[in-house]
Amino acid sequence: MGLGHPALLPGGWTRLGLFSGSFVSHPLACWQATLLPPVGLAGRSTRACGPTCLGAPVKLWGGSIRLAGPAPPIVPRNVPGRGGLRPAGQEPRPPGGIAQVNVEVQATMLSLKLPQLLQVHQVPRVFWEDGIVSGYRRPTSSALDCVLSSFQMTNETVNIWTHFLPTWYFLWRLLVLAGGPGFRAEPYHWPLLVFLLPTCLYPFASCCAHTFSSMSPRARHICYFLDYGALSLYSLGCAFPYAAYSMPASWLHGRLHQLFVPAAALNSFLCTGLSCYSRFPELESPGLSKILRTGAFAYPFLFDNLPLFYRLGLCWGRGHSCGQEALSTNHGYHLLCALLTGFLFASHLPERLAPGRFDYIGHSHQLFHICAVLGTHFQLEAVLADMESRQAWLATQDPPLGLTGTVATLGLAVAGNLLIIAAFTASLFRAPSTCPLLQGGPLEGGSDAKQQ
């Protein structure tokens, strides 16, 4: 019959006569020494074990003490107020020394603990998401908390990683293409490189926005202002390869072809301004806010893809008999992903049908990110297909914009979008702290939250 755990017996092992009361005053003193070696004993391995009350190695959870050199002799000594052992020649420790070390170790470990998550009724309305009930971060998180939360399962974690990882994929594609033999030296390839720059930027900006949007209501708006600006520049970036490689033959050197990229730059200003403004009425008029934001991104997409829609109409039902106007299969995949992206953004399905069921995995914004990235991938492949298949024919045509025009257009677009973002940011700082946009209004329980 077993004797049982000593801590479960009144008086521990001392009641069994194994140790005298003067040798060990309480079994916890022995177990503390076993589980936490005394500080200052060098050369001891503490892997899953520690020195026992007799100074011999004890095996705990499959491990054992290994001494690098001879252990100092352990002699029993009575310490006032407590029982225990210490190496010969070592000064007595003040009472509570081991407990103090325990507290210090625990404090160090707790200093990096992951942030606490909240329910929808515990955060201001400005942080609510439609159909998302749980997994919210504190609305006053520090930057470190925001970074740590990306390694914690919150309702934003998948949003962060579904754009952080693709950022590196598109950056890798950019470096591989730009490092090809003679690729950068050939002006014919420059529109593709210009397209890849905002392609790397927009998922990174989105990742940062989702990571740091819980620092404060004002920081949340600014993060998404920058996110919208990056998307606007991406819409402009799409216009460069479409104007260079994807234009229908009948449009070449026409008025639309000549003005296609400058018009796309103006569209980026409209997109940034309208999408940033859409954040202001979202608490009072969420429907209007949704319409404005959806229209802000749908219009540049429709404009950029006019050449593809025209070529698709020409080749509809004609198979491969339409010559240079034939579309790559990747163009079709890109348009399909874009359609799914818009549907998910506008509908908030499936979480709207089952609030709380898709808080962490499977809600519409995560699917929206995945479809957007897949669409960009297929778009890149389609642009490469047009660039290669139409190169012999387009080599005889003059490019719509030279290097100077490309750099000037892109530089003005970046500066203009930053000015628009700065103007909306300044309006946030001028607003009083009692503004509902910065406070979120009273907390009203429920899951009918605003859209992002």
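Cβ atoms are placed via backbone N, Cα and C, with glycine included.
The annotation Zn(2+) binding site is assigned in TrEMBL to His210, His365, His369. Annotation comment: TrEMBL describes 76-95 as region 'Disordered'. The transmembrane segment annotation in TrEMBL covers 190-212, 224-247, 405-429.
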Check your understanding: Which residues of the same chain, at least 6 positions away in sequence, have a Cβ lying under 8 Å from the Cβ of His369 (Zn(2+) binding site)?
Key -> Val158, Asn159, Thr162, His163, Ser206
Point to revise | Site of maximum Cβ density within 10 Å, from binding-site residues His210, His365 | key: His210
Practice item. Look up His365 (Zn(2+) binding site) in the DSSP assignment and report helix, strand or coil. Key: helix
